[in-house]
Ligand SMILES: [Zn+2]
C-alpha cells in the first residue's frame, strides 16, 4: 500500500509530497501548493527518557513487556526513536536495568525499532549536592572503565551515550576509551572546573546534558562550569524546555550561543503522560503533578521532581513563547539529536525508513500531530 503525504517541509517550509510504501520513502516531490498550516517532517528522537505513562526504565518490572507501552505512547506523540535513560544506581541494578531493555527489544518488535540506544546518566557524575541533582549519592563514583565495558557488553552494543562529570581523576582516559568505542560522551551533573571541562572536550566529549539544570542554585560569577560549557565550541547541548526547568530568557541565550548545536530532550520521568494528581515517585517520594504539567514535591511547588512532559510539549513551549520558529523547533527534536549519532543523516531520502510525522500548526503556534508513520504502519494517535 502506498500513502501520499503533503505538507510544508520542516526544513524550509516549502510544499512537499512524500510517498511512503512498505515503510520506506519511495518518492519526494516539490509541489506548488499544500494545505495551509500542515507540515511534514522527520519523527522526533528523544535521547533522554527515564520513563513515561506510569512506566519506569529505572525500576525492575515484573512484566518486562509492559515497558513496551512507553514506545507506543511516545510514538503517538511523534517520538519515533528514543533512548531509555538509566540513572545512577548500584552496579548490579544498572546491569539488571540494561538487561531489561535488551530483553524488551527481543520480545517486542515495535519497541525494538523505537529504542535505538541506551543513555547511561551516571554514576560517574559529581557527588556534590546541587550538581548531583536527585541521583543517589551512595552510588556516585569515579569513572571505572572495566565496569562501563561490562555494561556495554551486557547492552549488546545498545549503549550509545553516557553523561558524566569530568571532575574525577581519570576522566580524560575514560572519555577517550568511550570515544574509541563509539559512545558519545556528554558532560552533565558536573562540578568540574574550567580546565577539566576543556580537557574533557579535547578528549572527545561532544555534548552537555540538560544544560542549565543539575547545577548549584548559586554559583561563582566566573569562572564556572556554565560559562565553560557555553564557551566550548565543540559542545552541543540538550535542554529541557518544559517551561519549568529553564526560564524562557535562558533558552534565548543558549540559542544565541549554541545555535544549531542546541537541541531538546524531554528527560521525562515515569509520571509524564499521567493525569494530574498526587503520586508516590521512585525518586522524590510524595509528589504532585499539577494540571499545568509541573511535577514537584508535595506541598513544595518550588522543588521540581523531574520533567513530566514529552518532547512534543517541549517543542510547543518553544513555539508558544516564540523562542524559535517551527522548522527550528522541529529540527531541535529530530535531526539535531539524530545527527549526533548518524552525522550523514539527510531527511526525505528515497529508500530511507519512513519515520515521518504529519502535523498541523494551531493558531497558538503549537503543533498538533495528525499522523505518525513507523514501520509501514500509521500509528493510532491517543
Ligand atoms: Zn539529569
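Think of each number as a place in line: the chain as shown, counted from 1.
Glycine is treated like the rest: Cβ placed from N, Cα and C.
Automated prediction, rather than curation, is the source of TrEMBL annotations.
TrEMBL annotates 121, 189 as Zn(2+)-binding residues; of 112, 210, the candidate listed for that same site is 210.
Among the candidates 96, 111, 134, the residue that TrEMBL names alongside 213, 214, 221, 245, 304, 305, 306 for the substrate site is 134. Whole-number maximum of the Cα to Cα distances across the substrate-binding residues 134, 213, 214, 221, 245, 304, 305, 306: 27 angstrom. For the binding-site residues 189, 210, 221, 245, the greatest number of Cβ atoms within 10 Å around a candidate Cβ is found at 189. Proximity to residue 189 (Zn(2+) binding site), judged by a C-alpha distance within 10 Å, picks out 213 from the binding-site residues 213, 245, 306. All protein chains included, residue 267 (active site, proton donor/acceptor) registers 28 other Cβ atoms within 10 Å of its own Cβ.
Taking all protein chains in view, 23 other C-beta atoms sit within 10 angstroms of the C-beta of residue 305 (substrate binding site). For the Zn(2+) site, the Cβ centre of 121, 189, 210 serves as reference, and the other residues of the chain with Cβ at most 8 Å from it are 48, 87, 122, 125, 133, 135, 163, 186, 188, 209, 213, 214, 267.
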